[in-house]
Amino acid sequence: MAIPLSLKRIPDRGRAVRRVVIRTLKLLFWGILLQGGYSHAPDKLTYGVDMKHVRWGGILQRIALAYLVVAVLEIVTKDAKIQDRSSSGFSIFRMYFSQWIVACCILVIYLSLVYGIYVPDWEFRVQNTDSTNYGKVLTVVCGTRGNLSPPCNAVGYIDRKILGINHMYQRPAWRRHRACTDDSPHEGPFRSDAPAWCVAPFEPEGILSSFSAVLSTIIGVHYGHVLVHMKSHTDRLKQWVTMGITLLVIGIILHFSHAIPLNKQLYTFSYICVTAGAAGVVFSILYFLVDILNLHYVFAPLRWIGMNAMLVYVMAAEGIFEGFLNGWYYEGTNNTLVYWVRKHVFVKVWHSTRVGILLYVLFAQILFWALVSGILHRAGIYWKL
């Protein structure tokens, strides 16, 4: 949503493209540094990565790719003459018709590759030192086409061929699959009859799934176009709610009709519809509460986090601040301030590990960093890319 707003202030296309490229490179740098294996925070007090096993994919890398494609598309297709013209109905769709053509092309290419590529049998060497199969070469039997199962989908096949299996995520969510562990949907010890792919790498932010994620960004840019061109609160809410509910319905129908199941790992079209639709509805609710009912103070913490989103992501989500605190331990590395607070203030009080960790995340991470972001906002300090 921020792309149309930020690029609107830069009329010169060359300058806008340079800014987009520089921001993309910064996102890639931080993504590879934080999720490429160099940082071991917060649990391990070490750093460094074997270049033969650098992970190229990641959340910031995906954001960088989607941002680069859609921002350049916005720069190329926007017409300076209509940037401030009020619009209504389907005129915004017509105004940016070329962007939706690109979105349709991306969808067709994604579906063609996912359902059209033949996935042969493949092998991998177990890299997890905790596994009883460490160092062994295991074979995964596929020989199929159009399969969306964990081991035999085209998304993983393309990543293995282009990125290389050693440069993919070593602990994917599919380790928690019911075929792998009796503790599913939670992580636990592998079953004795667990298939080989349970210990195989998979890149959840890989090439083809990130290509599909560009669609989510295009939908978000449309929400931003509504904000730029429509001046009435009612007109804006009608557009956002209508599109949000429509996308939600399409995604739910695709999933429950078994046409295209919801799958975050593959970033399927139904997943795009449900998440982008839900985002539109939730944003509409927040817009109504904040911009129409003027409940600014109630939601101020969210605003502060948004103003320093990169700082909060690096320090909280990537555990850099916790890693720093864990570096100051007493007698043993498990005896740290973070460990003590999590165990004695949250887990023991509620007599539940899951509830305790949930509350720890809500209060000791989200609320804590919201307050830190508020203090930094008062001081005028922001981490911008």
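Just so it is clear, glycine is given a Cβ too, placed from its N, Cα and C backbone atoms.
Note on TrEMBL: of 207-228, 295-316, the range annotated with the feature transmembrane segment is 207-228. Within its own chain, the transmembrane segment (97-118) is flanked in space by residues 73-74, 77, 144-146, 148, 153-155, 157-158, 208, 211-212, 214-215, 218, 221-222, 266, 268-269, which lie at least six positions past its ends and keep a Cβ under 8 Å from the stretch. Packing against the transmembrane segment (240-260) from elsewhere in the chain are residues 219, 222-223, 226, 268-274, 276-281, 283-284, 287: each is 6 or more residues past its ends and has a CB under 8 Å from a CB in it.
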